[in-house]
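K.L.:
Below is a structure I'd like to ask you about.
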Amino acid sequence: MLEKIQKALTIRSSTVRELLAEALGMFILMVFGLSSVAQVVLGRGDFGQYMSINLGFGIGVTLGIHAAGGISGAHLNAAITLTHCILGNLPWRKLPAYLIGQFLGSFTAAGTVFGIWRPYALYDYTKGNFTVTGPTATASIFSTYPAPYISLVGAFFSEFTATVMLILGILIIHDEKNNEALKGTQALLTGILVLGIGLGMGMNTGYAINPSRDLPPRVFTAIAGWGMDVFTAGHHWWWVPITAPTLGSLVGTLIHKLLIDFHNQPVLERGNEKGHPVLESS
């Protein structure tokens, strides 16, 4: 009986499987990340600090990659998916499925975190008045907003630079022709990479570095009670976490190719040139 149910529910379309994998990976990433922000904000600093948020997102990234990596490659980031399509690593026909999966996972995670905190701590903190700015602002639990001291141009550059570092780190971790990470450690190292970006470049903008991390929860907050202020706050900030990470991912990839990838031969060929024996296996 169980086998019949499994057979009936098994999805044979690789595209749909990838969509579901991206959705689950993104859901895991965002539940850990957004919950850590909620606990720091609503706990008024008694249940975590800024480090807690960085660790939450780092752990979420690691587990999300483990969940989706073997099926979709665990992009979990619209900017990275678009970059893969431009490079020819992913067919353009699969772009909508990846983006839909990421959006669904992120949007559902925002709803889940809202459901955890809304009846209790969120209501107690805001008295039912959900605001984007002010002393009891809570929209930043779900999406990023620029610090009041930074200009829009400066905030754009901050997000752009952070994403350049993200994609450079990912490419270095997975570079088979260079000093790639040990097999099985890639997910953990990527989580540590996101942790490092948060520790060093998170203060200005909250380091969205990912359109799929920022836009779906923003849409959710607009629906759930924060209103259209989520799109007008911060000098209409909402479009920056979409465009800056996308450009940063493309530029970071170009930098890696120009400085490393174009000039680097596979490890076996380099070993042979240096007079080292090249082992062959059949």
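Here the Cβ of each residue, glycine as well, is placed from N, Cα and C on the backbone.
On a predicted model such as this, the values are computed, not experimentally measured, just so you know.
Heads up, here are the entries from TrEMBL:
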TRANSMEM  20-41  transmembrane segment
TRANSMEM  53-76  transmembrane segment
TRANSMEM  97-117  transmembrane segment
TRANSMEM  149-173  transmembrane segment
TRANSMEM  185-209  transmembrane segment
TRANSMEM  237-260  transmembrane segment
K.L.:
Quick one: do the transmembrane segment (53-76) and the transmembrane segment (237-260) have at least 3 Cβ pairs under 8 Å, skipping pairs fewer than 6 apart in sequence?
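P.N.:
These two stretches do not touch.
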K.L.:
State the residues, same chain only, that lie 6 or more residues beyond the ends of the transmembrane segment (149-173) and have a CB under 8 A from a CB inside it; answer 'none' if no residue qualifies.
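P.N.:
Beyond its ends, the transmembrane segment (149-173) has Cβ neighbours at 79-80, 83, 179-181, 186, 189-190, 193-194, 196-197, 201-202, 204-205, 207-210, 234-235, 237, 240-241, 243-245, 247-249, 251-253, 255-256, 261.
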